[in-house]
Amino acid sequence: MEFTAIDYSIFALLLVLSSAIGLFYALSGDRQRTVQEFLLANRNMGCLPVALSLLASFQSAVAILGVPAEIFRYGTEYWFLGCSYFLGLLIPAHVFIPVFYRLRITSTYEYLELRFNKTVRVFGTVTFIFQMVIYMGVVLYAPALALNAVTGFDLWSAVLTMGLVCTLYTTLGGLKAVIWTDVFQTLVMLAGQVAIIVVGARRVGGMARVWRVAEQEGKISGIDLDPNPLERHTFWSLSVGGIFMMLSLYGVNQAQVQRYLSARSEREAKLSCYAVFPCQQIVLCLSCLTGLVMFVYDREHPLAQRPASPDQLVLLFVMDVLRDLPGLPGLFVACLFSGALSTISSAFNSLATVTMEDLVRPHFPGLSESRATLFSKLLALGYGLLCLGMAYVSSMLGPVLQAAISIFGMVGGPLLGLFCLGMFFPCANPTGAIVGLLAGLVMAFWIGIGSFLMGTGGAKGVPPANSTALPTVGNLSTVLATTLPPPTSAPPSPTALQRFYSLSYMWYSAHNSTTVILVGVLVSLLTGPTPAAALDPRTISPVLPWLLCCLPPKMRQWLCCGGGDPAQAPSHADGTEKSSSVPNGLAPPGPDWPGEEEGQGYIRSAGAPIYAVQETSF
């Protein structure tokens, strides 16, 4: 089925409105004339738009394509990922946000210089840039490729349209335009998913019948408590491994932290994190219900065209079930592209921020505000053009859902470990941080590339646990085709190394972040832990005493490696020899700073640095 004029009109309206929001914020109100206006929306955003932007910034287009296909093929096991959302959002709200927000930083990686040194900051920044540039290719290319294969919509026209529109409103309107377009695009995504569920369910007799048939066919999964980390999806891999994945995203990822920092107060930032929880559950439920409706519909009305890739299932279903309703296919395509636009724009803005704050400003401290703002906009434009170039590379990354989570686990996991090393282990020193990060990255790519090369088969006839391998074909309509069930003949027994490569991709973040922490602490102990006098207590998480309160005093002292007992509130005498200035040119909070004005946990004494009051409650 080809698009009608109404479908094209709805799709075009999405692009026009997204661009209009960027133009509005470029020409009125805060006209993005300062770095703070452009990169942090002048720090005056409310919790609701920030929450919806947080929701839209990650895996939106990926989830719209990938989750229903996952449910269609393997059942509702993936639904248990929702169990990870509670702690995956509660921990950032009470561990990471207080530290980042009160330091008044712009780039997340400024924290690494405050806690360690400039070298660690640069290592973290370069790792993040690598992660997001690769991820942008997946998000931009995958929906365009699936759309091309199913509807005949020109592939590179779709890629160029998304990339250029996104670059336009991100470059002109800054973070405020990105957040408000995310809000608009989130509503479009929800409308598109609800429309397809309602129409599809009506075609097969209602939602109750969908559930009943899916249960009879074994698609409603029970709780699989198998602790084997090689199993692709179990309750433990999704709920526990998912927590680490959520922390790497909502805890330390610049694209999300930048939204927290744009909130008008720390309280608003925390509320935005709370608000994401029910929104994430709704989005997950809609995606899973779409998969069940697809399964029952295909069982009773087999799709005329079979997909070359699992990622095409959703669009084939949409074009079939909505063929008699002009406009609704266009709405769903707008829904799909809304997800891609929201994610890509977040990536552009966050990449411009870290490049400006971490790589440019330290070398040009005298850069004027106007020049810095102009350079930030040029960086956003440059990353937008780079994203178009990365679209081709993404063709090597496999099914979009698994590829996206694999990327964030392989690179986001070590970054999560690096921040946890700094916040929870006062003994950690810069040498330990760098060696730990490198060890985590080596371990991540060893498993990831090893799985890619070996093509290890998973258990129970399912696809490889973390495979991102692809057939080496040049046909763009089948380049995403991967992980189909293996032949019925029994495969040879895997070797120990092959089993190691079969680690479920849901454990990537947990495995790699733990590697960073263990190696970082060990190297720090061997090379000499950070002295108490050299430690800025604001960079240590305020919940550390709560975490260590059950341990004996000697154990707490050992973990802090001579840095003092963190269960005791710090006194100003601890740092009398330290300068009251803050590294990297960050001015200490003044009377007009929200953290001090609202009594949010800082004390000051004459001639002494500022210390974080040790909060011990969630």
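Keep in mind that glycine also has a Cβ here, set from the backbone N, Cα and C atoms.
According to TrEMBL, the features are:
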REGION    566-601  region 'Disordered'
TRANSMEM  6-27  transmembrane segment
TRANSMEM  47-67  transmembrane segment
TRANSMEM  79-101  transmembrane segment
TRANSMEM  122-143  transmembrane segment
TRANSMEM  155-175  transmembrane segment
TRANSMEM  187-205  transmembrane segment
TRANSMEM  234-252  transmembrane segment
TRANSMEM  273-297  transmembrane segment
TRANSMEM  374-394  transmembrane segment
TRANSMEM  400-425  transmembrane segment
TRANSMEM  432-454  transmembrane segment
TRANSMEM  505-528  transmembrane segment
Two-stretch contact, the transmembrane segment (505-528) and the transmembrane segment (234-252), at least three Cβ pairs under 8 Å: yes
Distant-in-sequence neighbours of the transmembrane segment (6-27), which means Cβ under 8 A and at least six residues beyond its ends: 161, 165-166, 168-174, 176-177, 180-181, 184-185, 188, 326-327, 329-331, 333-334, 337-338, 341
Within-chain partners of the transmembrane segment (234-252) [C-beta distance under 8 Å, separation at least 6 from its ends]: 54, 58, 77-78, 80-81, 83-85, 87-89, 91-92, 95-96, 108, 223-228, 273, 276, 405, 408-409, 412-413, 415-416, 419, 504, 506-510, 513
Positions whose Cβ lies under 8 angstroms from the transmembrane segment (155-175), at least six residues beyond its ends: 15, 18-19, 21-26, 32, 37-41, 140-141, 143-145, 147-148, 181, 258-259, 262, 337, 340-341, 344-345, 348-349, 377, 380-381, 384-385, 387-388, 391, 476
Considering the transmembrane segment (47-67), which listed stretch of 122-143, 187-205, 273-297, 374-394, 432-454 counts the most C-beta pairs under 8 Å: 273-297
Interface-richest range of 122-143, 273-297, 374-394, 432-454 toward the transmembrane segment (79-101), CB pairs under 8 Å: 273-297
Sequence-remote partners of the transmembrane segment (432-454) [C-beta within less than 8 Å, at least six residues beyond its ends]: 112, 116, 119-120, 123-124, 127, 406, 409-411, 413-415, 417-418, 421-422, 464-469, 497-498, 500-503, 508, 511-513, 515-525, 527
Candidates 122-143, 187-205, 273-297; stretch with most C-beta pairs under 8 Å toward the transmembrane segment (374-394): 122-143
